[in-house]
Amino acid sequence: MTRLLDARNLRAAYRTQDGRLVRAVDDVSVHVDEGEVLGVAGESGCGKSTLGAILSLNVRSPLQVESGTLDIEGKRQDFGASAKIPRTWRGSVVSLLPQGAMNSISPTMRVRDLCFDVVRAHDRRARRSDALDRVRDRIADLGLPPRVLDAYPHQLSGGMKQRVVTVISTLLNPRLLIADEPTSALDVSSQRALIEMLKEMLEQKIMAGVIFVTHDLPVLRTVSDRIAVMYAGKIVEVADAGDLVDRPRHPYSAALLSSVLVPEPRYRTMRVKGIPGAPPNLLDPPPGCRFHPRCGLAMPQCHTDEPPTDGTELRYSACHWSAQHPGESVPVEAATRDELDGGEPLDRAGEPVALAGDGTGVGR
Amino acid sequence: MQFARYLLRRTLWLLVTFVAAMVLVFLLIRLVPGNPVDAIVAQMTRGGGGSGEQVRAIYDNYMREFGLDLPLWQQFLVFCQNVLQGDFGTSFAQYPAPVTAMIGQALPWSIAIQLPAIVVGWLVGNVVGAVAAFRGGWFDKGAFLTSIFATSVPYYCLAIILLFVVAVRMQILPAGGGYSFGLSPELTLTFFGDAITYFWLPFWSLVIVFIGGQAVGMRSMAIYELGSDYVNYARGLGIGDNRITRYIFRNAMLPQLSGLALSIGGMIGGALITELVFNYPGLGTLLFTAISSNDYPVIQAIVLLITIAVLLANFLVDVVNGLIDPRIRAAETGDR
């Protein structure tokens, strides 16, 4: 299998008004193979959307990428203060499928005008009729009604709008599509339609790979081949989708799974538990393992030492516990604490139990 | 088809409001205590001339001429008929000058000074506001502060300061009036060259204030639009900045266009104080003189003219908004 994307040591931060840095993505490396869907999961504020913004080359102030490299099909791009990434990469090499497609099209323009603008932005000599013919074919291929081209965004339903935006995002056959919570605002049947469409596009080789960012584990289980779980700006576990859901090796993955309804036999009999506490403040992340204040398996070294990475590039877990128990999966019941210890250096400790993964899973 | 329906609805609304405005103007004038004929007759007989019989005849004559002997509803019909024919009656103060002729003389001056000021101010102000929002940084800070200052200065203050500095102290431009003594308004180069020197001061005093107001409004609209999802998405698709600026401009422009049309409507009323400061022979000065001499027909005509202008401007705003914003069209025709 050929390597499509290889991103190494990405580090990015938001600069606050008073000049401090909130490092939302801290030394993250991911890769995507040809034809693969990589899911990125995590609760709100874990940095998954920031990662999506970096990978889709859509970084805007106050977010700054501090370091990292990006290889897409052999083309290398260094991030950093002076990095100049060609504008035309966006949309043709990597493309963004945004969260909240509701407002992704300017309210005063027709869908076909945006389509033409996208084509023309990458090919100055493109003719309007040719471009629109191409769009029309694409829309017919994917089973959308042709009238959507002439519609204004307010004339489309939410699910239809999201599918139209998906078509626009993939109009130029980008190599990699970064889908940032595309299903989050949709009802279950629209989610299903969108996911079917993405799969269809992968089959037709419209794009070569997808990174699917969401907090919705059940959706992720259906669409992705591999899943990366993020916590507090770092990737804590990577595994095949089935493997991760069935045999999580990182306590956070296990805790995340136990906090949503997953229709897997192993979880079906369990009560939905939350993860006590809240994610750490990234202005001042806890020392050692960032999850230790909320972890049921925390050991003394978790408070002080960065966890080692145990496993291979394709299946690893960054955890002291899993380093001591290679190949074992985390006992789900033990992974979360029932309550927090007093005096823990946990940001906003003492607040009521937070449900991880804001959306409770939909029963798919 | 949808647009035709939208247009029809708007036109109906225009007609309804127009009739309401006519009724209001008609009634308001007649609510004023006293009878204009009393005032004229009193003035004519002030020297103590004429017997009771003669005064009676004069009085009846005027009542007939102004149509005041008819019942109210007939007076209204006559009023409507006259207005539709462009006849606003006769001025009391400058009897027997027809009001239409007086307005015809003053209106071009007001338009000449305000239309360029509004158009130039609107264009420059919006471009400055949009560029400031897009560029940010020092250009934004400078432009924003200057605009806030320009729009906060009362325009008559600016007019007086300009008048004092440029006309009185430096004596570069004439201080007041519309053209030099000895000339009469005509379409010749000499007259134009003379009138333009009188034109600059009131023009600048209006345009500076207008630029400021437009720039402040456009800047905040554009900043709001800049943060919207469609801008982010267009960037993510590799669409160039120029194109994105056009999207932003189009959306941010909607409220600005309403502002433009309303200013053009209000223009008919004249920039009253500016014209007074510069003693400019426009509608503002005419209105001021009419008010101070209780010249009802002139006041009534100008008020009606302003009303019509504002109504038409509003109508135009509706049409243009409907053209460029599909959501308004949809909401109006109940079609989604």
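A Cβ is built for glycine as well, from the same backbone N, Cα and C atoms used for every other residue.
The feature domain 'ABC transmembrane type-1' is assigned by TrEMBL to B:107-317.
Taken from TrEMBL, the feature transmembrane segment covers B:12-32 (among others).
Positions annotated as transmembrane segment by TrEMBL: B:111-134 (among others). Below 8 angstroms of C-beta separation, residues 140, 143-144, 147, 199, 202-203, 206-223, 226, 241, 245, 248-249, 252-253, 256, 259-260, 263-264, 267, 270-271, 274-275, 280, 282 of the same chain, each at least six residues beyond the ends of the transmembrane segment (B:111-134), sit close to that stretch.
Annotation source TrEMBL lists transmembrane segment at B:155-175 (among others).
The annotation transmembrane segment is assigned in TrEMBL to B:195-216 (among others).
For the transmembrane segment (B:257-278), the residues of the chain that approach it from at least six positions outside its boundaries are 106-107, 110-111, 113-115, 118, 122, 155-156, 159-160, 163, 175-177, 198, 201-202, 205-206, 210, 214, 217, 284-288, 302, 305-306, 309-314, 316-317, 320-321, 324, judged by C-beta separation under 8 angstroms. Among the features that TrEMBL reports, transmembrane segment is placed at B:257-278 (among others).
As annotated by TrEMBL, transmembrane segment applies to B:298-317 (among others). Tertiary neighbourhood of the transmembrane segment (B:298-317): same-chain residues 10-11, 13-14, 17-18, 21-22, 25, 28-29, 83, 88-89, 91, 93, 99-100, 102-103, 257-258, 261-262, 264-269, 283, 286-287, 290-291, selected by CB-CB distance under 8 Å and a gap of 6+ residues from either end.
Listed as Cβ neighbours of the transmembrane segment (B:12-32) (distance under 8 Å, sequence separation of 6 or more from its ends, same chain) are residues 72, 75-76, 79-80, 83, 296, 299-300, 303-304, 307-308, 311-312, 314-315. Taking Cβ pairs closer than 8 Å, the transmembrane segment (B:155-175) reaches residues 197-198, 200-202, 204-206, 208-209, 271, 273-274, 277-278 in its own chain, all 6 or more past its ends. If you look at the transmembrane segment (B:195-216), the same-chain residues 6 or more away from its ends with a CB under 8 A from one of its CBs are 112-114, 116-118, 120-122, 124-126, 128-129, 132, 143-144, 146-153, 155, 158-159, 162-163, 166-167, 173-174, 176-179, 256, 259, 263, 271, 274-275, 277-278, 280.
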